[in-house]
């Protein structure tokens, strides 16, 4: 394709996709202008001596030379302006008839111009041009036909050649458009694949962000509470303070291990730790850590435990973990009881975390608290339901219902 202009409408409605085929793999396709120049020079050189040998009486030789140039030279611009090139060659051909010059070898370029139009332009334009060329042919062979130098059959063959050139050009255009559509479809699929990969990466990063928030928020709140307690009792009860600080150390190590595991997923080429994710079975340890941090929490399990999807198992754990973190943050010193309940039903798991403290401020989420938002996203990902709010008799309550078999992942 020459300068990216093939297939454009430069004077007559060019079709998109009418340019050169993509992925040129041959020398001919890599040097289109040179090929056109060789064709024009060869036809011009072959035509010139024949034309000078049959110059009509009284015609100046320079006029005959100019006619040859007019027939041949425009073809060099066939890729840029196919319609204009055809018009120039056709006009020269009509001038040829007017000067009394018979059919020439250079007239084959008119045939090639019709083919070129059929390849690059809309079919209405190229068909009209082919019809004009047929009309020119009938006018040009009229004298020879009347003198018996040509038969009707010969004229029919010449018309068939013009029709063949137009038809072949149309087939080439159709093929190029088809190949172009395949390329466009492949590029579209690549774009869709890249978009899906980006969406998947975004979803994974969002999931990891929730995990990091849950781990950091819970662990830091436990460590702060226990550190405060240790600082208060370090003089009066050093043994108890030591126990509290050891618990702070263990909590920090566990949080650090979780952080390393999750951040490993974000690094290219690092699969990260394959340590199992926490679940319902680890709730006992979570409750013990919360109690050790001074939270008056009780834990109960109802129903018969059964198989639970791993993602649902993690979601239940994170909901309880975040709910306990919110109790420590927002319930205040007035909290005297925190109840955690997990109920196994036939197809569902119900989780309830309630306290009798002050509860979070109504605009806590609006002020940047991501805990409730993260819980809601986790539960919704499994087509579950999360309800949060103040209790009628004081305190705050978190209730989640999640299918045992994840419906959203």
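Cβ from N, Cα, C; glycine included.
Please treat TrEMBL annotations as automatic predictions, because they have not gone through curation.
TrEMBL assigns the feature transmembrane segment to one of the listed ranges (8-30, 123-145), namely 123-145. Within the chain, the transmembrane segment (152-169) has long-range Cβ neighbours (under 8 A, six or more residues past its boundaries) at 111-112, 114-119, 126-127, 130, 133-134, 137-138, 141, 145. If you average pLDDT over the domain 'Histidine kinase' (316-406) in this model, you get 82. Secondary structure of the domain 'Histidine kinase' (316-406) per DSSP (helix as H, G, I; strand as E, B; remaining residues coil): 27 helix, 29 strand, 35 coil.
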